Amino acid sequence: MGKFDYHRSVRVIRGDTGRLILMAGGVTLPTLLLTGLAVLFVPELRGTNPEFSINRIVRGTLAMLWVFGTFMLAQRTTTAHSKPVADAFVLTTVSPRTAVIGGIIAESLRVLTYVLPLGLLLTIAGAYAFSSPLTLLTVPLVGSLYVVSAVTAGRVLGYSAAWLVATVPFIARHKGVLGGTVVMLFFSLYFLFQIPQLPFSVSPAMLGVIPTGWLADLLAIGTPIGWSLTHALGGMATVGMVLVGGGWLAERIAVSFWFDESIDVSASGKTAVSIRTEGNQRALKQAISPLGAPFITGPTRHIAEWSLLRARREPQRLNFLLIPVFGGGSAVMNMLLQGSVSLAILGPIIAVLLGWTAGAAFGLNPFGNEGAVLPATLTAVSGRAFVRGLITSSLLFVPAVTVVTLATSLVGGYGLLTAIALTLIGCLLTIVGAALAPIVGMWFPRYSAIRIGNSDGVLPPRLLAGVLHVVLIWIPGAVLVGLVAAPKLVRLALSGIGYVPGLILGLVANGGLLTFLASSLNDVGAMIQELPLTAFRSGFGMLLVFGGLLVAWSAYLGAIQRFETHELH
């Protein structure tokens, strides 16, 4: 069963070109970087006898990565693999133990496939550097045990979380808030180990007591690096206990989750709500309180309120926003703590990041979000009202973007006028992003779950739609905030349009047309560099602003037309 599930997931990825390219890039780039470092430094280690031994810091670092991987795999289990593929068929065909162990095997194979290039690099580099053929055996062995134990522990935690949501009313009712709190707490603690510059940070050596980190001693067998037999045996024994005990516990929890009756909090504690309540408030308006959609009426308001209500009831709809937000936020935090940048970077970063987040939150999968009621929506609502409703739900967060961007800009040391300019850029990006999201989502819709057997109730946007929206907002947004905060840097970067291709052509040119083109491109770069800074700043800035508004208007009209002409198949 594990082999079948693994092959199915491989076929799915091969059929999704955009996802395949992004995953391949995520593996290839770090592998190439590490390959370059290995080529530079591994020959220097060959034949040497390093006076180094595996200590608590090394073991703690390996344990920290294991804990991080376990947490991410637990999240993945809860959100995407809490039940087998086609669970009704599987659970009546094979035993629960087969389903659980098969799921662990399939997930382990997926992870091992993803890290295979890096593992091969480390194996070959270690064997060459220390002239140790035994490394060709220990690195794959330790890597496999490391991954399988993390997957098993992640399954136990993931099944436990899913079981709690299915059986405890309080957790089921507040799963979004509780889940977000757990994620924030975990990453906060993780950053304490990652960033030693913090005055209250902690050393990874504290995690050296976790036995799974003791697998590091196994890696040193056959090399001149000192290692401990006690720790190596302890790590092996712990991994064995995790595999056996974790598999048994995962089966027990999964059986209870799969076969016991789940609670239904949608009907518990619900009282009849009159259409006309005190103050003439409608039930839908009450459901999204304290949020609301003021100043608009009719179907547009209904669409906006339903978008807000769906996000409030099922916060996992917004999970696709977490990767760019957490990725960008953690990178900025690291640079701030290491002193690479000052607080002045906060205003521009917040303007772009918050503007994109607000604009992308509700409209990147408009057809898929309607689900089974899409035919009724297409016939009952006009395209203008539908698209306006999606845009309105994002524009409701313009005040939040305004306040946060203005505050962070002032904290970063900008003057009032500059802070206001950055704030206006954040609002502009919210407007443009909100207008672009529906048309991008209609170009690349997702109508069904990512996996067979998953619920179609919550459908994330397609990966290609999210990436396209990021590119269309982040790049012009970065240029705009750069014109406000660092115009000379933007002018220098823009001059590269002429200098870079001119330099490349100059290297291969041997007279004639190529030389003329190289000279012309260099002249273009020089002309851009010689532009007066004030004229460049205002002219290019106005071009981007009006161009963005024109694109937003065109996207709005295009989304309306696409809605009106959409056909169900």
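Yeah, the Cβs are placed from backbone N, Cα and C, and that goes for glycine too.
Residues annotated as transmembrane segment in TrEMBL: 20-42 (among others).
The transmembrane segment feature in TrEMBL is assigned to 54-74 (among others). Nonlocal intrachain contacts for the transmembrane segment (54-74), taken as residues 6+ away from its ends with a CB within less than 8 angstroms of a stretch CB, comprise 107, 111, 146-147, 149-151, 153-158, 161, 186, 190, 193, 203-208, 210, 212-217, 219-220, 225-228, 231.
Remote same-chain residues near the transmembrane segment (111-131) are listed as 10, 23, 27-28, 30-31, 34-35, 38, 42, 45-47, 73, 139-140, 143-144, 147, 150-151, 219, 222-225 (criterion: CB distance under 8 Å, separation of at least six residues from the stretch ends). Per TrEMBL, transmembrane segment is recorded for 111-131 (among others).
Below 8 angstroms of C-beta separation, residues 62, 66, 69-78, 81-82, 100, 103-104, 107-108, 111-112, 115, 119, 171-172, 175, 212, 215, 236, 239, 242-243, 246-247, 249-250, 253-254, 256-257 of the same chain, each at least six residues beyond the ends of the transmembrane segment (143-165), sit close to that stretch. What TrEMBL records for 143-165 (among others) is transmembrane segment.
The transmembrane segment feature in TrEMBL is assigned to 177-195 (among others).
Within its own chain, the transmembrane segment (232-250) has Cβ neighbours under 8 Å at 100-101, 104, 145-146, 148-149, 152-153, 155-156, 159, 211-218, 221, counting only residues six or more beyond its boundaries. The feature transmembrane segment is assigned by TrEMBL to 232-250 (among others).
Taken from TrEMBL, the feature transmembrane segment applies to 318-337 (among others).
Within its own chain, the transmembrane segment (385-407) has Cβ neighbours under 8 Å at 291-293, 296, 298-304, 306-308, 347, 350-351, 354-355, 358-363, 366, 377, 419-420, 422-423, 426-427, 430-431, 433-435, 437-438, 556, 559-560, 563, counting only residues six or more beyond its boundaries. According to TrEMBL, the transmembrane segment annotation covers 385-407 (among others).
Annotation source TrEMBL lists transmembrane segment at 414-443 (among others).
Long-range contacts of the transmembrane segment (463-485) within the same chain: residues 16, 18-19, 22, 320, 324, 344, 347-348, 351-352, 355-356, 359-360, 364-365, 414, 418, 421-422, 425, 428-429, 432-433, 436-437, 440-441, 443-444, 446, 493, 537, 540-541, 544-545, 547-548, each at least 6 residues beyond the stretch ends and with a Cβ under 8 Å from a Cβ of the stretch. For 463-485 (among others), the entry in TrEMBL reads transmembrane segment.
Residues or ranges marked as transmembrane segment by TrEMBL: 497-519 (among others).
Tertiary neighbourhood of the transmembrane segment (539-559): same-chain residues 383, 387, 391, 428, 431-432, 435-436, 438-440, 442, 476, 479-480, 483-484, 490, 494, selected by CB-CB distance under 8 Å and a gap of 6+ residues from either end. Feature annotation from TrEMBL assigns transmembrane segment to 539-559 (among others).
Tertiary neighbourhood of the transmembrane segment (20-42): same-chain residues 13-14, 114, 117-118, 121, 125, 128-129, 463, 467, selected by CB-CB distance under 8 Å and a gap of 6+ residues from either end.
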